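Here is what TrEMBL says about this protein:
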REGION    1-53  region 'Disordered'
TRANSMEM  77-96  transmembrane segment
TRANSMEM  136-153  transmembrane segment
TRANSMEM  173-192  transmembrane segment
TRANSMEM  204-223  transmembrane segment
TRANSMEM  229-255  transmembrane segment
TRANSMEM  267-289  transmembrane segment
TRANSMEM  344-369  transmembrane segment
């Protein structure tokens, strides 16, 4: 019996020891779940509003003092109005400076938007002491831009690129070089992994790639739209600006019915009023721009003068065409014009499609951004624009519109120009160019298009 009692006591002691060890292991596992020393303070919620600056209520000191007597609602209205006109004037100035200036501005806006998104991620995950996150983020931004903008240079300036051996090698191996650069960043990220920071590091890796998808890809599409003609950049951008301004105006003076919970200040009155105003504005600005070759000609490189040009014979898309009207409307049209047809610029139909998209779908880019900001309890992406917020606050809808316009052009408008085809041919080796010439000559001769004379 004594031996039995002794065994039971020993077993109980062992169980107690195992329980203590298990508890210690659980504590150790719990400690391992903490990614960093900063996480020990996560029992209280992190207030990002003190980390990410807000520009909605911000104004220069002199202007703020001048408007101090106004109620906050009207004060914000005046500040937003002033800086809206400043941005519109700046936009007009950039258009006057030409396509190259516009492309540089798009690149600068892209970099600033990326910085605002990355700064939020950096603040959310509280890893200020973790090395390489910022460096890796900017490295991936540079790599992405090298790939996308390199593709544009190859497509539109292939003839120039092939004039020198160095540029010819960059063109030939562009995608391989781009892939190698990305793999270098990927390996760098893996080597930078720290045991206690795995979760945050992978979260920020995903954060960076989503930011690249939202910002870099869309800005690349904007550049491609510019190459199709400035009208494909100016009209969509102006439509988004018009919709944003007019929706704010209609909502400010007539808004009574909330539109969506993500953005409590948005109203149905503003949404509908802004939509109608955008359609009318889009048709008017499209009609005006179609009168000038500077806005409708695609951007092409002229070998003779060695620079980009906007000189061309405007295509039928931008010149008035005669259309028959439905029989039900024929009497009315005949009374006005004296015939059963009307003259309409075809681009106006495309403008109507873009204006409907910018009025109905475009605002959802802003709603998405509002939901994103609410998720992290911040008011703005930044404070660079008084009364408006950050750059991303003003370009959230523009990126969605840029994708639509690029898809629209690819689906309904764009055709390969002879010059672009020639650039691709010039990039071939001489023997391949000769083979292509022989095949094309024989084909044209067989079809009776080309008549060869005996030497």
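Placement of Cβ uses the backbone N, Cα and C atoms for every residue, glycine included.
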### Task
Using a Cβ cut-off of under 8 Å, list the residues of the same chain at least 6 residues beyond the transmembrane segment (204-223) that approach it.
103, 106-107, 109-110, 113-114, 117-118, 121-122, 125, 127, 133, 136-137, 140-141, 144-145, 148-149, 151-152, 189, 233, 398-400, 402-403, 405-406
### Query
So which of 77-96, 173-192, 344-369 is most in touch with the transmembrane segment (229-255), counting Cβ pairs under 8 Å?
344-369
### Task
Quickly jot the same-chain residues contacting the transmembrane segment (344-369) by Cβ under 8 Å, restricted to those at least six beyond its ends, or write none.
231, 235-236, 239-240, 243-244, 247, 260, 262-263, 266, 271, 274-276, 278-279, 281-283, 286-287, 290, 296, 316-321, 323, 381, 392-393, 396-401, 404-405, 408, 412-413
### Contact set, same chain, for the transmembrane segment (77-96): CB under 8 Å, 6 or more residues outside the stretch
59, 63, 67, 70, 102, 105, 230, 234, 237, 241, 245, 248, 252, 385-388, 394
## Note on the structure
Beyond a gap of at least 6 residues from its ends, the CB atoms lying under 8 Å from the transmembrane segment (173-192) belong to 131-132, 136, 139-140, 143, 146-147, 150-151, 154, 201, 205
